[in-house]
């Protein structure tokens, strides 16, 4: 056997791996800021919260990163399988539209990676959270759950965020520690805050949602009425939910008397109210995209809050 021939299986394996990584990247590249970064922020917040040594960081960090990639990759495949025609209109760079992969190949990858995700959850001791996310993801993307704004955002994204908080925090935990009741309530409130804030993302893409047969909030009630509903939501209800999350970690007296706590409260209030004003004043898809990312930045910046209160 010649040396060149003996290297062919290795080269084939390397090329296959390179292609799989490239395909994964093309599926998830829009979700780095919205999902991967917040996921890692939750992990680092848990790490600091429990006073872990930075010398122990490398392996848990790789675990956190790989979990985040599997979490969003499995979701994005299902989401893009469900929205191929919509993506032809608004996101023609996506892999199913460009022909990088076929629908059949993507279904095969979808089930293989979901099995790997469940097995990874079993290895991490978070198996039931993995199963819960698979069920939520399949319901949203293959079962029609993402076609209505309430099931997509209020239910699906709230549950997905709660799962992400619990698993990433669990990866950061010391071996002898566990997640207490106060933290679980904090996770639940932060997840509800995130899920209930997300209908603003549907203002950006009404044409694509109409083509895909979705019943988003602006399609159901009309663009103007949806903006007024969301404006009131961002002025009152979301800041109140955020305050309730703060109260799981600190007292009301401290929130309004300790400088750091008060600054956090005021910043979130200003950002929420800025979003509310933008919803009414700036109404183009590009402006709505910027408004949505004002909220995303607040969400990412709020994750370390548990370490500061």
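Note that Cβ sites are derived from N, Cα and C of the backbone, with glycine treated the same way.
Here the structure is a predicted model, which means the values were calculated and not measured.
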Item to check | The annotated transmembrane segment range in TrEMBL, which must be one of 255-280, 281-306 | outcome: 255-280
Checklist outcome for this item: Long-range Cβ contacts under 8 Å made by the transmembrane segment (117-142), restricted to residues 6 or more beyond its ends, are 63, 66-67, 70-71, 74-75, 78-79, 81-82, 151-152, 156, 159-160, 163, 166-167, 170-171
